[in-house]
Amino acid sequence: MEVCDASISESPLLGGGEDMVEGMVDYKGRRVIRSKSGGWRSASFIIGVEMAERFAYYGIASNLISYLTGPLRQSTATAAANVNAWSGAASMFPLLGAFVADAYLGRFRTILFSSLLYVLGLGLLTVSAILPSPSFPHNQNTKDHRSCLQFQIILFFVSLYLVAIAQGGHKPCVQAFGADQFDGRNPDECKSKSSFFNWWYFGFSGSSFISLLILNYIQDNFNWVLGFGIPCISMVAALVVFLLGRKTYRYSSKQDNSNPFLRIAQVFVAAARNWRTTPSTAAVVKEEEARILLPRHGTYQFKFLDKALAMVSSDQYGSDENWKMCSISQVEEAKVVLSLVPIWATCLIYAVVFAQSSTFFTKQGLTMERSITPGFEIPPATLQSFISIAIVVFIPIYDRIIVPIARAYTGKPSGITMLQRIGTGMFLSLISMVVAAIVEKERLKVARDSGLVDMPQVTLPMSVWWLVPQYVLFGVSDVFTMVGLQEFFYDQVPNGLRSMGLSLYLSIFGIGNFLSSFLISVIEKATSRGGQDSWFANNLNRAHLDWFYWLLAGLSVIELILYLYFAKSYIYNRVSAI
């Protein structure tokens, strides 16, 4: 992360001795005065925007499976696959959003347009809930009624993916834009910048908790029109708050239009094209430049990419200079990104496991005793709030207790390395799957012993609090793995690729959700042959989610072994990360 250094020279004093912020302008494109722009005043607007956006997003995402299996009458397996596919898309779109912001629109415009698209998507989602539901009686199954229902389903999914696209532009830009309001070259603002990330995460977790607590109850006990309409209103409020701070923000005066994905791709294409070059057609790299490629940052591991540095005759590939020779910095960027691939790949099962908290865990809770007082039941999706509670409670414990103890044994400032932190969370994720399998086995036993196997609508005499430990383990594992992954993919890439690094971190959970959806579809087809009940039967009392959880636990063991192998051989790109 950025280091505060009081020795760093501050921006020059211009215009009547006022302290100007170098590289930043106001909303009219003029250089900004430090005391009259940015800082906590601007950051407060942006934290408020993020809280409203997360409130809206989790109001949709956390209980989506209940809407699909309820009003839309989808099977449990189909609904879970659809939720995973949508969550995966929502985690992949930030790759596009970060590219558009960095290369074309800038962060402010990307946030603005994404917010407008967000409001449109949530508005259409609310409209889709107003239309006639597929749960209407069959005697109304006329041609016009079927057409109306088909239109409702199409409108629902179009709206849902508009929301995914919108948050893809919103998510990678808002936090970075908030950090832009603090000047890292100023000692005081640098300290405030570090504090900003703490308050940002606090607001993120708090708004998610409120959304799970309030919106899930409204959706389950009142109606879905209100359950979708309130997030829409929240996003409108976010847009208003964002615009209210427009005159106070600092905007970057520098726009880098280079495409990091293209720069990396050029290295691989150039290396492939130059694979058969001979010494007579290749230029000798200058000795002082070649020293850059010596074992530094571990990039010497992928020497085959050095072919991208070879100069070839102009008549061999025509005038396509970009694709026949790359700069040393480009090659080094490609090597660094390539070194992250094994860590990225071995974290995918962790993302598959994490996807279950908003799908099958919720469906399990729906079958269990959820009453707190007579007439008041906990919405099953609200149990996801225990993930947020565990995160908020455990972060101070980790920072104030675990790190100092680990520091005393290891002598490292951070207590443990980033990769050790990630691996610890993966182990806890494995334990959460074991606990989930044991709890589900007990739930099925209660159903059999109570004679309720073939009565899925009857609540089982088993408290929903049995599910709390697996949610808490998810939250604690997040403190290790999720935060560790954010820091790792931010810290281990070159400065010019940090947006790309964070996008790669998000893509883990996008691909993980797609893998979860694929895995569920394959198991559903394989286990339902011959008229048998599949592992994901609509009647969960005849399903075998426990077997699925054991399968995920087994895959997690394999993943952890592979991760430990690659983590042990990984060479950090910065000494401070060790």
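Glycine is treated like the rest: Cβ placed from N, Cα and C.
Pulled from TrEMBL:
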{"type": "TRANSMEM", "residues": "112-131", "note": "transmembrane segment"}
{"type": "TRANSMEM", "residues": "151-169", "note": "transmembrane segment"}
{"type": "TRANSMEM", "residues": "199-218", "note": "transmembrane segment"}
{"type": "TRANSMEM", "residues": "224-245", "note": "transmembrane segment"}
{"type": "TRANSMEM", "residues": "337-361", "note": "transmembrane segment"}
{"type": "TRANSMEM", "residues": "381-398", "note": "transmembrane segment"}
{"type": "TRANSMEM", "residues": "419-439", "note": "transmembrane segment"}
{"type": "TRANSMEM", "residues": "502-523", "note": "transmembrane segment"}
{"type": "TRANSMEM", "residues": "547-566", "note": "transmembrane segment"}
Highest-contact recorded stretch vs the transmembrane segment (381-398), from 151-169, 337-361, 419-439, CB pairs under 8 Å: 337-361
The transmembrane segment (547-566) and the transmembrane segment (337-361) contact flag, 3+ Cβ pairs under 8 angstroms: yes
Region pair the transmembrane segment (419-439) / the transmembrane segment (337-361), three or more CB pairs under 8 Å: yes
Chain residues in Cβ proximity to the transmembrane segment (151-169) (below 8 Å; excluding those fewer than six residues from its ends, i.e. six or more beyond): 53, 57, 60, 64, 72, 86, 89-90, 92-97, 100-101, 110-111, 113-115, 117-118, 120-122, 124-125, 127-129, 131-134
Beyond the flanks of the transmembrane segment (502-523) by 6 or more, those residues with Cβ under 8 Å of it: 77, 80-82, 84-92, 94-95, 98, 171-172, 337, 340, 344, 347-352, 354-356, 485-486, 488-490, 534-536, 548, 551
Distant-in-sequence neighbours of the transmembrane segment (199-218), which means Cβ under 8 A and at least six residues beyond its ends: 47-48, 50-52, 54-59, 62-63, 175, 178, 226-227, 230-231, 379-382, 384-385, 388-389, 391-392, 395
